[in-house]
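Pulled from TrEMBL, these are the features on record:
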{"type": "TRANSMEM", "residues": "6-25", "note": "transmembrane segment"}
{"type": "TRANSMEM", "residues": "59-81", "note": "transmembrane segment"}
{"type": "TRANSMEM", "residues": "115-132", "note": "transmembrane segment"}
{"type": "TRANSMEM", "residues": "144-164", "note": "transmembrane segment"}
{"type": "TRANSMEM", "residues": "204-222", "note": "transmembrane segment"}
{"type": "TRANSMEM", "residues": "229-249", "note": "transmembrane segment"}
{"type": "TRANSMEM", "residues": "269-287", "note": "transmembrane segment"}
{"type": "TRANSMEM", "residues": "299-318", "note": "transmembrane segment"}
{"type": "TRANSMEM", "residues": "382-407", "note": "transmembrane segment"}
Amino acid sequence: EVDWFSLASILFLLLFAPLIVYYFIMSCDQYQCSLTDSLRDLLTGNKHLSDIWNKTPMLTYRAAGIYCLWVAFQVFLYVFVPDFCHKFLPGYVGGVQEGAVTPAGVVNKYEINGLQAWIITHVLWFANAYYFHFFSPTIIFDNWIPLLWCANILGYAVSTFAMIKGYFFPTNAKDCKFTGNFFYDYMMGIEFNPRIGKWFDFKLFFNGRPGIVAWTLINLSYAAKQQELYGQVTNSMILVNVLQGIYVLDFFWNEAWYLKTIDICHDHFGWYLGWGDCVWLPYLYTLQGLYLVYHPVQLGTANVVGVLMLGLIGYYIFRATNHQKDLFRRTDGNCRIWGKKAKDSECSSMCVDGTKYYSKLMTSGFWGWARHFNYTGDLLGSLSYCLACGFAHILPYFYIIYMTILLTHRCIRDEHRCSSKYGKDWKHYTAAVPYRLIPGVF
């Protein structure tokens, strides 16, 4: 059943999330990234909403063509080009991999080739920028708002199609979830793993491509625009490109690991993922680079080193924490963490058929410091992107504010599920590891 708070939250997001994206992008385009000047104009009567809307660039045939080619190219790389990176990159896991067991007991297979798609895309991008010159490296920035309308069209189209598919021709009917509430089902999704054919998996494709592959291209386009406008690329822009580039590359290097995360293992595919990956991710996760086009910041040496170190420390914590968990799972707890035998708290759960299962929750290493210390590393990295932009405007800090809310909500959502699953054993585990994110604080 859908409680009133969940329904209110969903209606709020459906109504206001698209407006929030428009508000941020419009603020940069018309108000030099000020989030208050437009509100002041409206409140004082200097401008009406129609004035702001009329100055907003509309959808163009050029933007539609660019976007259709982009999505089609990513679909081609995803479906028709088997992974070859795992054949020559030591340690990389690619090719055909199995996902987690779904609630209906299905084990889906995936073609893991995101790193390959990222490499091919960026090789072609740099080849064009330095040799072929078919299009300007600033093409994304120059068409940024018309492309926003294209992304919205795709986001709503794929979300609506996924809902219709869930009702009438689901990939696996046993993995569908119907609440009876239209808005909840549209937002959170009906099908667990909607697919077309054997390999096109909606959830993996839209989570990883085209939004995350585009993330680094968008930042490169911002850097090219800075070069065009000011004759140089500032060190803050370089920092944002490098730190966010590390994050994106880490995602694709560990794409097989991503099959075991909350997005793939628990979330159904609806507007939350469909529209969110098409619009929210590429437009709001890249606000730092967009801000630096309008307000170039040249940091001092000490600040550059500080921001870089914060970002790298955050990344190290994020990756090392996840590595410890993966090692613990692979060895069923028979491993050493920080030179000592791994410790754990054993939990049991009951399946619907009456079968009892046992799980081990690690209490060693970073996982003994906090129950979601990987999120803590993620937040430190997110903060470093924002600090690279200085303190003149609040806009580039939206990312750390949003990520704090998102990851805190994930903590609570995940722990609610674990508490329901493990019962009193979960209380024993939380007594052993009392903090969620920040040891000694929260």
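Yeah, the Cβs are placed from backbone N, Cα and C, and that goes for glycine too.
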Applying the under-8 angstroms CB criterion, which one of 6-25, 59-81, 144-164, 229-249 scores highest with the transmembrane segment (299-318)?
229-249
Taking 6-25, 59-81, 144-164, 229-249, 269-287 as candidates, which has the most Cβ pairs under 8 Å with the transmembrane segment (115-132)?
59-81
Top Cβ-contact partner of the transmembrane segment (59-81) among 6-25, 144-164, 229-249, 269-287 (pairs under 8 Å):
144-164
Is it the case that the transmembrane segment (6-25) and the transmembrane segment (269-287) touch, counting contact as three or more CB pairs under 8 Å in which the residues of each pair are 6 or more positions apart?
yes
